[in-house]
Amino acid sequence: MCGIVGYIGYREAWPIVLKGLKRLEYRGYDSAGIAIINEGGQNIYKKVGKVAALEEFAESQDKTGTIAMGHTRWATHGVPSDRNSHPHTSNNNKLSIIHNGIIENYATLKEELISRGHEFKSDTDTEVLIHLIEEIQKIEQTDLLEAVRLALKEVTGAYAIVIMDRENPDQLIAARKGSPMVIGVGKGEYFIASDATPIIEYTKNVIYLNDHEIALVTKDDLLVKRLDNVVQSPLIQELELKLEMLEKGGFDHFMLKEIYEQPRSIRDCMRGRIYPEEGKVQLGGIKEFVEKLKNIDRIIIVACGTSWHAGLVGEYLIEEYARIPVEVEYASEFRYRNPIITEKDVVIAISQSGETADTMAAIEMAKERGATIFGICNVAGASIPRLSHAGVYTHAGPEIGVASTKAFTAQVTVLTLMAFYMAQQKGTITQSKLISLLTELDSIPDKIQIALESNDIIKEVAAKIKDSRNCLFLGRGSGFPVALEGALKLKEISYIHAEGYPAAEMKHGPIALIDEEMPVVFIATQNSSYEKVISNIQEVKARKGKVIAIVTKGDTEVKKMADYCIEIPDADEAFLPLLATIPLQLLSYHIAVMRGCNVDQPRNLAKSVTVE
Ligand code: F6R
């Protein structure tokens with residue numbers, strides 16, 4: 001988490017860095033700060049709260065200068081406060097630093113530095129690093145680049161850092177390990193940021209810095225070397241991102257825009273990958289592993305949060321169609337077990353951001369043990385696709401709302417394609433079945449469009465249950481991960497306690513919670529478990545629970561029992577998660593808005609969880 005932005009060039013740096021921080025606010029919004037150098041010296045402004053608070057605080061200050069760097073924080077070490085905000089400075093205040101990540105051995109380094117006379121002004125791990133750099137520069141009598149290189153060899157943990165020296169206003173130093181960093185290459189200017197969004201309106205040419213690389217950036221030149229001192233020739237890539245993708249486009253919130261984008265994002269995800277008339281799925285990203293896929297013993301899916309829910313949907317689909325056993329693991333648990341992994345395993349890592357620390361660690365462990373890694377990721381060029389042997393991008397476009405919506409449905413789409421692809425390669429599906437499934441899949445974006453048309457009814461339901469203190473989401477089969485996802489969406493943006501459960505498990509415990517105060521949302525579409533879900537609905541009604549049911553259009557049975565019904569179009573069971581998720585996203589959204597919550601930036605959360 002945390003977002004970083006740096007600029008060096010010929011333009012006024014403050015507006016560039018400030019705007020960049022606003023774009024990166026999804027990464028954390030506990031505090032913000034900017035350091036800027038001009039002829040008068042270095043000015044540092046920092047403030048607890050959002051970037052807007054910093055903007056107001058610095059309104060009448062001197063903000064001139066053509067070199068600057070800024071930070072938006074998601075607190076780890078030290079409470080959110082002005083003094084813990086970045087940038088942090090060295091003991092002599094000459095050097096300043098911004099940092100995304102965690103310096104794990106900061107406590108021992110700090111003790112050593114204190115014994116050498118250093119005084120600390122914050123509780124952060126980051127401040128320790130800049131003091132260490134200062135100390136090494138003093139002892140080794142080296143230039144700043146070399147001091148940073150030597151200091152980074154002493155630290156453990158993750159970092160994307162930018163460093164400025166007020167006595168050397170012609171350079172920025174940047175480095176990364178485990179946290180993302182993009183360098184924008186302009187003419188007579190360079191930009192540094194956690195992702196490409198602060199850079200896109202100035203240049204399309206970018207370099208993704210690799211782990212263990214350090215860069216010396218001046219306005220006309222860039223030197224990249226590895227921590228072992230070997231100079232690198234960085235690859236300049238062209239961004240596909242468009243500026244309008246980063247704006248709300250008339251919607252009140254990014255989350256709502258992203259919910260409504262789903263017909264488009266799913267179409268983009270399938271483009272060039274399905275050929276319904278021929279009954280063919282093409283996944284260029286994993287095609288060189290096709291022989292391996294025919295002979296694997298099992299698939300392990302690793303992910304966190306919403307991406308883990310997509311993994312559970314993937315389990316149903318891959319087992320159903322490709323007949324390969326699948327295990328779905330929380331990356332954070334998997335990495336600290338001693339799991340049995342062999343060279344015959346394929347590990348699918350799912351991540352919207354491609355930067356989630358636990359998922360990355362799980363990949364590294366599985367790779368060491370010989371597994372083949374497939375990444376499913378939304379952000380191009382992020383760490384997870386780079387760590388993977390092969391993979392498939394979701395192509396959902398930038399997701400800015402902290403609560404994941406269109407990324408989830410795109411992940412499910414990719415997993416559906418993978419299941420069909422593997423089934424086709426292994427011969428576990430007939431050609432006629434594949435043609436019929438692909439033909440229907442092709443129409444799913446239109447069906448999502450129809451599902452979105454229930455918005456007004458969903459708003460009415462939201463008004464009825466917005467003051468609840470708890471809410472239960474129940475589903476069976478692939479409706480279970482949908483229930484989990486519905487519950488997660490509600491709790492993260494509206495702060496209502498919500499649980500997702502397999503409907504049949506209700507009687508083993510959660511049924512004790514049911515009374516007239518408890519809304520229970522059922523995924524009750526007409527599929528193989530329809531009759532059984534109806535029985536579960538009756539169990540809730542018998543205890544005076546309030547039932548909200550997601551039903552197939554034209555349903556009459558559930559309507560007799562439920563307090564409120566929300567219809568979605570009929571579809572093959574394989575596509576139920578893609579459709580049933582839509583009303584749940586809208587339900588959470590409207591409840592959160594009605595409760596006055598900050599939908600796009602819910603408290604305590606960050607979009608990119610780069611710490612474990
Ligand atoms: C919930 C949400 C999180 C993420 C999780 C994993 O709406 O967004 O639960 O799904 O932090 O993030 P990624 O997919 O970036 O690895």
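Glycine residues also receive a Cβ, built from the backbone N, Cα and C atoms like all the rest.
Worth saying up front: this structure is predicted, and the values here are computed from it rather than measured.
If you take the C-beta of Cys2 (active site, nucleophile) and look for same-chain residues 6 or more apart in sequence within under 8 angstroms, you find Arg27, Gly28, His71, Thr72, Arg73, Trp74, His86, His99, Asn100, Gly101, Ser194, Ala606, Thr610. Residues annotated as active site, nucleophile in TrEMBL: Cys2.
Taking all protein chains in view, 24 other C-beta atoms sit within 10 angstroms of the C-beta of Lys607 (active site, for Fru-6P isomerization activity). The annotation active site, for Fru-6P isomerization activity is assigned in TrEMBL to Lys607.
The domain 'Glutamine amidotransferase type-2' annotation in TrEMBL covers 2-220.
Among the features that TrEMBL reports, domain 'SIS' is placed at 289-428 (among others). Averaged across the domain 'SIS' (289-428), pLDDT for the predicted model comes to 95.
What TrEMBL records for 461-602 (among others) is domain 'SIS'.
In three-state terms derived from DSSP, Cys2 (active site, nucleophile) belongs to neither a helical nor a strand segment and is classed as coil. In the three-state DSSP scheme, Lys607 (active site, for Fru-6P isomerization activity) is classed as coil.
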